[in-house]
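Before any comments, here is the structure.
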Amino acid sequence: MESFLIQATLYLGAIVLAVPIASRLGLGSVLGYLLIGIVLGPVLGVVGAEMDSLRHVAEIGVVMMLFLIGLELEPRALWAMRDKLVGLGGLQVLITLALVTAAAMAFGQDWRAGLAMGMIFALSSTAIVLQTLTEKKLMTTPGGRSAFSVLLMQDIAVIPMLALMPFLALGGGGHGPEEGHHGAANLIAGLPAWGVTLVTLGAVAGTVLAGHYLVRPLFRYVQAARLRELNTAMALVIVAGIASLMLMVGLSPALGTFLAGVVLANSEFRHELESSIEPFKGLLLGLFFITVGAGMDFSIVREAPILVPVYVVGLVMIKVAVLYGLARAFKLDRDNRWLFTLGLAQAGEFGFVLSSFAASQRILPEGVANMSNLVIALSMLITPALFILHQLLVRWSRVHGETPEHDRIEERHPVIIAGMGRFGLTVNRMVTMTGARTTVMDHDLAAVQKLRRLGFKASYGDPTRPELLASAGIETAEVLVACLGDPEANTKLVAYARRIRPDLHIIARARDRVHVFELYRAGANDVVRELFDSALRAGRFAIEKTGLTPFEAENAEKTFFEFDRAALRDLATVWKPGVPIDRNEDYVALSKLLNAELENALAQGPLHEATPRSHTDPISPTEILAAGDKPRTD
């Protein structure tokens with residue numbers, strides 16, 4: 001017991017020290033955990049006999065992760081994503097699985113081991129890819145959304161893969177549970193085949209029914225005590241209880257908890273379950289990846305120094321070929337095609353789960369499982385290089401490649417709307433309802449096709465491309481509404497439009513306050529923050545409940561809006577790119593002054609007709625551009 005505690009302390013201390021460093025280096029937490037395990041195991045050799053005990057504990061993290069994935073899969077959301085989820089994601093999994101299986105059999109593996117390796121390597125790294133897409137602000141691009149759909153499908157595909165593994169077990173009898181797995185009782189020992197089937201189906205049906213009819217009243221009973229720790233205990237009871245039941249009937253515990261998560265996805269206690277399980281999941285999953293790293297056998301590299309990189313490169317090339325073909329088939333444009341292809345070309349963390357499970361079921365020999373883990377880790381390690389390669393290809397294609405195809409826009413209208421997501425669609429509906437004519441365009445072909453089916457006129461193409469803007473009539477338009485979801489692309493669009501049309505009125509969508517300043521500096525006339533108006537409306541409703549009449553609340557809302565709008569223009573003149581606003585002394589001083597003026601105006605009463613300081617001296621985009629980093633002196 002003492003040795004176990006020392007071992008656990010060693011691992012947890014290593015997590016606290018090393019994972020933040022790995023994250024800052026852009027490697028992500030998963031690779032950080034793996035590197036910790038490699039250093040503690042193969043490099044320093046400080047792991048002890050308690051490794052197996054820690055691994056058994058850490059496997060609960062995998063079970064919890066699949067429970068949380070199930071909680072996130074709302075049936076309605078899945079149905080809305082069905083085309084890319086089943087089409088793009090399903091084809092990627094099946095084709096990659098088939099090709100890797102064939103390659104493994106060509107290298108001498110039997111069909112069972114080959115199929116297991118196909119399942120292991122068909123997956124990509126959800127953690128690394130999503131983190132990188134978010135950091136690089138690529139999640140909202142067509143390539144980013146397509147990658148997310150494929151990753152979601154892969155996460156779902158893990159469940160049938162885990163369920164299939166026991167049937168591939170060497171020596172037959174694969175349906176039963178692992179011998180002595182954590183000392184679990186066996187409810188199907190000695191039963192005939194029909195009895196095993198009935199017990200298994202009964203366990204699955206019981207899980208579904210309990211999720212619908214038992215968990216909800218139990219949660220209400222527990223919440224009546226108003227003790228948060230009881231909610232956590234209840235969440236752990238659900239996960240541990242279902243996992244134990246699945247083990248006793250010979251099924252994967254991950255399968256049962258995933259099913260329970262899906263059943264509870266529409267429950268009113270969904271978010272409570274997520275918040276209770278998430279800390280345990282993250283910690284135990286980190287321990288799982290550490291044990292994987294500690295158990296890696298790097299003697300394979302010494303024995304076959306050429307074979308290991310050949311396997312890694314071969315895997316990446318197979319996945320690149322499959323992903324690029326699917327990207328073309330689903331009509332992603334060139335830049336997004338490479339983002340989608342190279343972003344998903346590595347193996348994933350679920351591969352470690354499947355590899356460990358396949359080795360425990362004796363589907364894969366120990367040496368093959370070790371080699372698989374090494375290939376997975378190395379392919380994940382080169383993911384940052386794959387994203388750098390994507391950036392280089394995009395730059396090269398824009399300089400040397402052919403201009404990507406876009407729609408030829410024949411009609412010219414006074415209002416151009418670039419970007420047809422939720423924001424742009426609302427703007428277009430309001431403008432057209434007044435009788436004004438608009439030219440709308442978006443770089444997401446699927447979104448454009450959907451709008452056309454709904455009866456809207458929309459053109460496909462990248463609004464930041466000069467040739468598309470020229471085709472849309474940027475030279476004669478009166479208003480440009482820049483609504484792109486990517487903040488950098490939106491700023492680029494505004495800057496280009498201002499450069500070629502100094503007289504054009506530009507309205508731009510902003511992600512946040514700093515983005516507002518960037519857009520003003522780029523030349524926008526009016527900037528609208530995505531959530532600002534809805535937040536104002538919520539604030540108005542709140543102050544109505546504090547004793548103000550609706551008329552008084554409306555005036556308070558109007559005063560706040562006018563002051564904030566003017567204040568942003570003033571603050572834009574002292575904003576410095578690359579300098580955090582709380583480190584900019586001129587910005588902080590002016591912000592405090594403007595906040596004091598706003599508080600004074602509101603304190604005089606919501607009916608007071610206050611005029612913001614800046615409204616007596618409006619600032620034009622030209623003045624903002626000329627101001628540079630110099631603060632105003634008025």
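Keep in mind that glycine also has a Cβ here, set from the backbone N, Cα and C atoms.
Among the features that TrEMBL reports, transmembrane segment is placed at 6-23 (among others).
Taken from TrEMBL, the feature transmembrane segment applies to 30-48 (among others).
If you look up TrEMBL, you'll see 54-73 (among others) marked as transmembrane segment. Panel annotation: around the transmembrane segment (54-73), residues 4, 7-8, 11, 155-156, 158-159, 182, 238-240, 243, 253-255, 257-265, 270, 273-274, 277-278, 280-288, 290-291, 295, 353, 356 of the same chain, lying at least six beyond its termini, place a Cβ under 8 Å from a Cβ of the stretch.
Taken from TrEMBL, the feature transmembrane segment covers 85-107 (among others).
Remote same-chain partners of the transmembrane segment (113-134), defined as residues 6 or more beyond its termini with a Cβ less than 8 Å from a stretch Cβ, comprise 26, 28-31, 92-93, 96-102, 104-105, 144, 147-148, 150-151, 154-155, 157-158, 161, 164-165, 168, 315, 319, 343-351, 354-355, 358, 363-365, 368, 372, 375-376, 380, 383-384, 387. Residues annotated as transmembrane segment in TrEMBL: 113-134 (among others).
Listed by sequence, the residues of this chain that lie at least six past the ends of the transmembrane segment (146-171) yet keep a Cβ under 8 A from its Cβ atoms are 66, 69, 73, 81, 84-86, 88-90, 92-93, 112, 115-116, 119, 122-124, 126, 129-130, 133, 139, 250-252, 254-255, 258-259, 327, 330, 332, 336, 339-340, 343-344, 348, 350, 353-354, 357-358, 361-363. Sequence annotations record features per position, and here TrEMBL assigns transmembrane segment to 146-171 (among others).
Per TrEMBL, transmembrane segment is recorded for 191-215 (among others). Sequence-distant contacts of the transmembrane segment (191-215), counting only residues of its own chain at least 6 positions beyond either end whose CB sits under 8 Å from a CB of the stretch, comprise 175, 238, 242, 245-246, 248-251, 256, 259-260, 263-264, 267, 269.
Per TrEMBL, the feature transmembrane segment maps to 227-248 (among others).
Distant neighbours of the transmembrane segment (282-300): 11, 14-15, 19, 29-30, 33-38, 40-42, 47, 51, 54-55, 57-62, 64-65, 308, 349, 352-353, 356, 367, 370-371, 373-374, 377; these residues of the same chain sit at least 6 beyond its ends, with a Cβ under 8 Å from one of its Cβ atoms. Among the features that TrEMBL reports, transmembrane segment is placed at 282-300 (among others).
Beyond its flanks by at least six residues, the transmembrane segment (306-326) meets 88, 91-92, 95-96, 99-100, 103, 121, 124, 300, 337, 340-342, 344-347, 371, 374-375, 378-379, 382, 386 of its own chain at Cβ-Cβ distances under 8 Å. The transmembrane segment annotation in TrEMBL covers 306-326 (among others).
Residues or ranges marked as transmembrane segment by TrEMBL: 338-359 (among others).
The transmembrane segment annotation in TrEMBL covers 371-389 (among others).
Taken from TrEMBL, the feature domain 'RCK N-terminal' covers 412-529. Across the range of the domain 'RCK N-terminal' (412-529), the DSSP-based residue counts are 52 helix, 25 strand, 41 coil.
The region 'Disordered' annotation in TrEMBL covers 608-634.
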Folded-back contacts onto the transmembrane segment (338-359), same chain, C-beta under 8 angstroms, at least six residues removed: 30, 59, 62, 92, 116, 119-121, 123-129, 132-133, 138, 141, 143-144, 146-147, 150-151, 154-155, 158, 161-162, 165, 168, 252, 254, 288-289, 292, 315-316, 319-320, 323-324, 327, 332, 366, 369, 372-373, 375-376, 379-380, 382-383, 386-387, 389-390, 393-394
Confidence summary for the domain 'RCK N-terminal' (412-529), mean pLDDT rounded: 88
